[in-house]
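A.B. asks: I have a structure here, written as structure tokens, and I will follow up with some questions on it.
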Amino acid sequence: MKIVVIQGPNLNMLGIREQNIYGPMKLEDIHKQMKGFAEQNKLEIEFFQSNLEGEIVDRIQECIGDADGIIINPAAYTHTSIAIRDAIAAVQLPTLEVHLSNIHQREEFRHKSLIAPVCAGQIVGMGPFGYHLAMVGMTQILSEVAAMREQQAKAQAAAQQK
């Protein structure tokens, strides 16, 4: 199974910008930890970061037929991007939204996520550990999806034998 991790604007600056909010860990280090989890759990993982909304939309759309789930930190686009929201809704893949900081404790304009309503879940305020939680959550979601598909296949096979 394959998970695509999509990182939004300014996340390439982690470890440099606003460490009091986002912490000292660099994006590469977060990805290294996620890759380790993926390897331990026999998952394929791919990382993508862009500061451009259209590139993020393109990558989400490219997940059709290529990925089983998406973990996304849309960063500032969380609060403004109908395009990213619509792309996630269109691909119909399990998606988890992650934020390093607790967006609900920050400036009022950050409180509303346009993305969350089309996601399976949202993890906020856990720092880099939030990505680990997202990996655990996505692993569970994908296992449940696989089990449901297996049950459906068995039911179809049984119905065809009758």
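From the backbone N, Cα and C atoms, a Cβ is placed for every residue, glycine too.
Under the heading site 'Transition state stabilizer', Swiss-Prot lists Arg17, citing sequence analysis as support. The active site, proton acceptor annotation in Swiss-Prot covers Tyr22. Summarising the annotation, Swiss-Prot assigns substrate binding site to Asn73, His79, Asp86, Leu100, Ser101, Arg110 and lists sequence analysis as the type of evidence. Among the features that Swiss-Prot reports, active site, proton donor is placed at His99, with the record citing sequence analysis.
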A.B. asks: Once the chains shown are all counted, how many other Cβ atoms turn up within 10 Å of the Cβ of His79 (substrate binding site)?
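C.D. replies: That number is 16.
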A.B. asks: Return only the integer: C-alpha distance in Å from Asn73 (substrate binding site) to Arg17 (site 'Transition state stabilizer').
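C.D. replies: On Cα coordinates alone, these residues lie 16 Å apart.
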A.B. asks: About how far apart, in whole Å, are the alpha carbons (Cα) of His79 (substrate binding site) and Tyr22 (active site, proton acceptor)?
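C.D. replies: Answer for this pair: 18 Å between alpha carbons.
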A.B. asks: What three-state class does DSSP give Leu100 (substrate binding site)?
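C.D. replies: For Leu100 (substrate binding site) - judged by DSSP and reduced to three states - the answer is coil.
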A.B. asks: Between Leu100 (substrate binding site) and Arg17 (site 'Transition state stabilizer'), what C-alpha distance do you get in Å?
C.D. replies: 13
A.B. asks: Just going by other Cβ atoms within 10 Å, which of the binding-site residues Asn73, Ser101 has the emptiest spot?
C.D. replies: Ser101
